[in-house]
Amino acid sequence: MASLSEKPGQRFTVPDWHSNSALISANAERQRSASHQVRQEARALRDETSNQTKWDEDDNRSRLADRISSLNRWKETLGRCLADVDAEIDALAQVKGAAERALQAKNLPLAVSIECLTLRESRRAIDLVRDAVEEELHREVKGIEKTKRELQQRVTEAFEQLCRLQEARQQLSQDHRHKVEALEVDHVCSSLSISSPNISCKVNPARVPGRATALDEWQQSSQGNKERAEAEMRASAELREAVALAVAQAHNELEAQRVATEFAFRKRIRDLQRAHGELKWQEQSTLEEITELQEDIRRLEEDLRGKTQHLKLAHTRLETRTRRPGMELCRDQVQYGLADEVYQLEGTIRALRQKLLESQDVLDSLYRHLHRIQTDLGYKANSLQLDNKCMASRKKLLVPAEKLLPELDTFNPTTSR
């Protein structure tokens, strides 16, 4: 008879089975508790790091905005200072040019005075006397030579000041250009976000470049460039005043001396001088009117070009709006406004062109009349030469006073004294 077989292996008791189940349950509870703790810590860490990352990015974005604002302020400040320096350079160059023209203009009076002295050496017998005219001529020669030395010194000072202004302008221009480039870089950085396609990890991004400077040094550098430019502009303005005054004084002194020297000659040719002076005034007035009309024509042409650009803008906007899709292609207020703008600009351009043609016709008439005046001046000059050689030489000095004076200072409105 067959017997019941038993599987080999260890047999556990019921308490062992309960103990094992309890141990498994306890381990499960402990593992779940540990997992819960890790999960809570992970969530807290995620929240903390997310907030920290967000605030850090917001703080740096704000810092970038503040830096951009600071750069903008400095860029505008340096730009204004640069424009002022350019204006001062132009003003000083004009005054220097006026001084050079005045210096050049002294060559003719000096040559005429020496020529008159030489001519008077040809007097004979009792007429070869040291009279008042000869004394005035000697005094005139000395005065002209002294004036030339003073004007040459002022021209040299103006040239040196122009060099210093150009150096200050170069530093300002470089600083301004660096500000513009830095603004572009910071604008690019401000526009980046985590979704930007061109971001990546870099090698040692927090390194300090070797040429980096401190913020105080940056501030002091720009402030120093600005202050130096302002100091040079102040010095230039003072020099312009001194040069203008020297030119005016030189002209006034020499003019007074010329009047004293020529006093003995005026009786015989008074009428011719009056007619000659009137024509010179007419010539100067005509030249001034031509200059003003040319400036107005230039402004008309600039305005005409500007209106043409506005017309192109309106045309482009109208043409671009024709590409609106579907029902969006409606005749809205913008459409009517742009059309009215086109009509208005076309009328304005026609009026400007008409006025430009009229101005050019008037300019041609002025040039024809100026030629007539200059021709008549030649006739009068020829008549003056016929009186005598000495007085004919003196007539070369009859140049209108305003041609010898520097122009009005448009940068720092002061008139020459």
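All positions are counted from 1 along the displayed chain.
Keep in mind that glycine also has a Cβ here, set from the backbone N, Cα and C atoms.
Automated prediction, rather than curation, is the source of TrEMBL annotations.
According to TrEMBL, the region 'Disordered' annotation covers 27-58. Sequence-distant contacts of the region 'Disordered' (27-58) (same chain, at least 6 residues past either end, Cβ-Cβ under 8 Å): none.
Among the features that TrEMBL reports, compositional bias 'Basic and acidic residues' is placed at 38-49.
Summarising the annotation, TrEMBL assigns coiled coil to 134-161 (among others). Away from its own ends, the coiled coil (134-161) comes close to residues 92, 95-96, 99-100, 102-103, 106, 109-110, 113-114, 116-117, 120, 232, 235-236, 239, 242-243, 246-247, 250, 253-254, 257-258, 260-261 of its chain (Cβ-Cβ under 8 Å, at least six residues beyond either end).
Residues or ranges marked as coiled coil in TrEMBL: 283-310 (among others). In the predicted model, the coiled coil (283-310) has a mean pLDDT of 88.
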